[in-house]
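Worksheet: one structure, shown below.
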Amino acid sequence: AGNGAPSQGSIISGISEYATALSSLPVHPNRDCMTFSLLQHTGILSHLHVIAPDVASQSDLERFHTAGYVVALQRETSSTAAVMLEYGLVDDAYTFPGLFAYCTFVAGASLTAAKLLVSETVDISINWGGGRHHAKKDHASGFCYVNDVVLAVDYLLQHVPSSKVLVIDIDVHHGDGVEEAFYFSSQVFTLSFHKLARGFFPGTGSAASIGRGAGRHRNLNVPLDDGITDDQFLEVFELVVQAVADAFEPSHVVMTCGVDTLSTDPLGTFNLTATGLCWCLEVVKEMELPLLVLGGGGYNEADAARCFAALTATTVDQPLPQDVPDHDYFPK
């Protein structure tokens, strides 16, 4: 934008090393490359600043994570079974070659996105590789090893005087790691829309969890039923987000856009479409606050990539072409 006004910025796969690091995550190895390829070939990237992310340092990670946990991440597959068990590096968060590079890029990209908002060079910044909301300070969980959401929020709180951050999470799974990190904070409001049911991961996210101490009434969980549709979701989302924004008066918004709410997702049970998720993003954009948009879940890789592309187009008010253009992952 001209006249010194902020314009959109993007932290997508700005450099090949970031794309390679993201593709090392076993649960969706192609998703992020597919997203970037789609954005390139639809022309959406021409409306964005594609910026190479910084790599997070050990001290960056230790703003939230414990030193022992960071060391365990660095050791990747060479830690003992007992150490891996202690830090949750098992089951749905097992170690793999390239894990630490993956963690430093994901965290670094979300920190870079936060820095852009602080510098006021952009009004929206995006890291689709981020949104790893289950990671705890000393424990991996649910395909999440480093909590870039917490690190990005922490950066905003550090560098913007009197900042108040609203974290909105629309992943089908409750953002338990983010809730836990800020449960006692008056400066962060955590708002999560998710499924809550016996046996459904992570098993937290009750409406009774409202925050404690200085953070009392700074946490709101909105459990939703299986099969919820776009219209139903948007009705609840718009009402709740508006009420929270009016009461909390945030200076910044961080939105975790997990797309495992799509009807085609193998792990989710909602019945949403990309159109519905774009509506939600429009509601948040209308707040006209500095906005950090992150990814999250999404395990049908092709549909997740299409949805991330549609959400990206929404941030810059551009339509996606009706026909998917030929690109590297077109057969998928």
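Start at 1 and count along the chain as shown; that gives each residue its number.
Here the Cβ of each residue, glycine as well, is placed from N, Cα and C on the backbone.
Record features, source TrEMBL:
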type	residues	note
DOMAIN	26-313	domain 'Histone deacetylase'
BINDING	Asp92, Gly142, Tyr299	substrate binding site
ACT_SITE	His134	active site, proton acceptor
BINDING	Asp171, His173, Asp260	divalent metal cation binding site
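Feature map: TrEMBL annotations on the structure.
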residue	record	contacts (Cβ under 8 Å, 6+ apart)
Asp92	substrate binding site	Val27, Ser141, Gly142, Phe143, Phe201
His134	active site, proton acceptor	Ser141, Gly142, Phe143, Cys144, Asn147, His173, Gly175, Asp176, Gly177, Pro202
Asp171	divalent metal cation binding site	Gly131, His133, Ser192, His194, Thr256, Cys257, Gly258, Asp260, Thr261, Gly296, Gly297
Tyr299	substrate binding site	Val27, His28, Asp260, Asp265, Pro266, Leu267, Gly268
>> An 8 Å radius from the center of the Asp171, His173, Asp260 Cβ atoms defines the neighbourhood of the divalent metal cation site; name the other residues of that chain inside it, in order.
In response: Val172, His194, Gly258, Thr261, Leu267, Gly268, Gly296, Gly297, Gly298
> Counting other Cβ atoms within 10 Å of each Cβ, which of the binding-site residues His173, Asp260 scores lowest?
Replying inline: Asp260
>> Using the Cβ center of Asp92, Gly142, Tyr299 as the substrate site position, which other residues in that chain lie within 8 Å, going by their Cβ?
In response: Val27, Phe143, His173, Phe201, Leu267, Gly297
> When DSSP states are folded down to helix, strand and coil, where does Asp171 (divalent metal cation binding site) land?
Replying inline: coil
> For Gly142 (substrate binding site), what is the tally of other C-beta atoms lying within 10 angstroms of its C-beta?
Replying inline: 22
>> What whole-number value in Å do you get for the largest C-alpha pair distance within Asp92, Gly142, Tyr299, the residues recorded as binding substrate?
In response: 13
> What does DSSP call Gly142 (substrate binding site) in the simple three-state scheme?
Replying inline: coil
>> So, three-state DSSP: helix, strand or coil for Asp260 (divalent metal cation binding site)?
In response: coil
> When DSSP states are folded down to helix, strand and coil, where does Asp92 (substrate binding site) land?
Replying inline: helix
> For the domain 'Histone deacetylase' (26-313), what is the mean per-residue pLDDT, to the nearest integer?
Replying inline: 97
